[in-house]
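What follows is a single structure, written as structure tokens, with notes after it.
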């Protein structure tokens, strides 16, 4: 079964491609029925049509016409496979024949360009922390100015700068630099803001809106078309200087991040509610002023660690989380995205602010400085364009999932927020964001993937055949979004999965171990946000044992007889590396780093997620062609170069002998051209990996005995540790971690002896 083909055609990948016939049977499978779906996946020869979708008229259905529908050409009627309702086709389908079918009856994924125009161009609201050092601020200014050239000319732009106070810049005033200054230690309400900026009391009913004319006193004067104010905005940015507020010795700068974000979200709510908008926050340190304070301004107060948060010793953590979660709800409800870019060695408070990005589809990027290539290139890649020159980012999206009566939705794990709708196909048990069949994504990109979990609705197994046909469960993903070209679009993907009774060999054969590992990892990461890390790892171990007991072949009490089918055999290995990953093992990571890693993991597709769980290792040598090797200490040899891809960083490691030859300069001698090309080969492959990755990975070039070799050794399975030195020529890893071999021995032992 080619699981990747379904992903290429529809952007969807299921853990089980044949579903159990009943809920009881599904529970026995341990790994839930779920899928990873990429709504805006770049699909070759995607069917794009310029008319509105035809929708089923069944009560509570509203599914879209698709290839699984039964069509009666003579009477111009179609039957919905999800609810069974018979519907009349619109008049323009009258000339349809079996030989000439419209795209939506031939393609399981179709994109509709609707006739509803976009009223307002997207808004880009820059929120800039000016407490940065001059060099860091200069690099940031250069990147923002570059980004202006990548925006559509009709895009609306706005600017806030902040330090101890918050400055809202009035771009409509060309003669002088005019700005409104707000206190950084106050949490303003919308009514106060409207009164201060317009001189009018709103009385709870704002007149400002997308159609309101921009005047010198209107609230929307702070957002103007880029083509009219690019010179003024560039001038303002170029003239920005580091905050002049005096910093007493032993103190951090006063930084009102919370107040700046509060004002930005309120201002957009006041005049552009439900209009596509991005708030881009650039932070050069933690918020030190309430609301949203992460740490006090005194340097004697350290930034919170994981241990502080777990033991309830993080003084400002809960209050800051509550504040930023409220802002996240406001932004998500209004259809506004928040991006957070950190450019400093300190933590900025991503752990507290993560909901701002995770609820709105925004970007969370952790870098050491705004002058680094990681920030510069990642920020510019945010504005990447398609072949037609439009931004690949989409705005104001929502995804509704329709299912046939056999399925119910348990929830979604990904960068979205729930929409309160009354739907019949919602399960009482929740995984991730549940209780709904519709989710809002203020921003979408071709990279965004969502984990969706299903419950089998049938409590008892029903007949698996309907006459001569197999029983099928239908799922339809309907994603409505605003395209950067100024059109409203709807992408519809419809899939069908066969349902069979438990024990049927087709169910086991349909198991996609890669998708299953990523889905279970998403559940584990979601649990880890609220549960104790050790409990989450115990839960993962239990599910692995139960799955192996169910699907492995073995004789009771004989570990040597333990066998897994090829499509199950790698699953324990994925779980082993997941247990050791930075997503669950947070030791040695700051809360901000953990938030960043988990944010990236919960947005990527199956392939990239697997690289994060189990990094890839490629070996280069003079004797052999480049080849993938085991992520194991036995792969580290003196005469090879290793290329490690963890998604977050790409590392080239030179073995001891290679490093000595490189130091001796053999590559500069024409006699050793082969050695020179060997050194270049991994660099060329690394460059290919860097081409379209977001965010840009860190690049590390190291060698045996080098200080940065630890980045490789920490990822390797310690086959050869100081406790067990076996293979000659391999590297000893100094760790107390259990090796994959011992992990598998223990797993086999537990399974064959019937333990849990």
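Cβ from N, Cα, C; glycine included.
Quick look at what Swiss-Prot annotates:
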type    : residues       : note
BINDING : 56, 61, 80, 83 : Zn(2+) binding site
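Features per Swiss-Prot, on structure.
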{"residue": "56", "record": "Zn(2+) binding site", "DSSP class": "coil"}
{"residue": "61", "record": "Zn(2+) binding site", "DSSP class": "coil"}
{"residue": "80", "record": "Zn(2+) binding site", "DSSP class": "coil"}
Original post:
On a count of neighbouring CB atoms within 10 A, which of the binding-site residues 61, 80 is highest?
Top reply: 80
Original post:
Within 10 Å of the Cβ of residue 83 (Zn(2+) binding site), how many other Cβ atoms are there?
Top reply: 19
Original post:
Far apart in sequence but close in space: which same-chain residues, 6 or more away, have a Cβ under 8 Å from residue 56 (Zn(2+) binding site)?
Top reply: 62, 63, 64, 65, 80, 82, 83, 85, 87
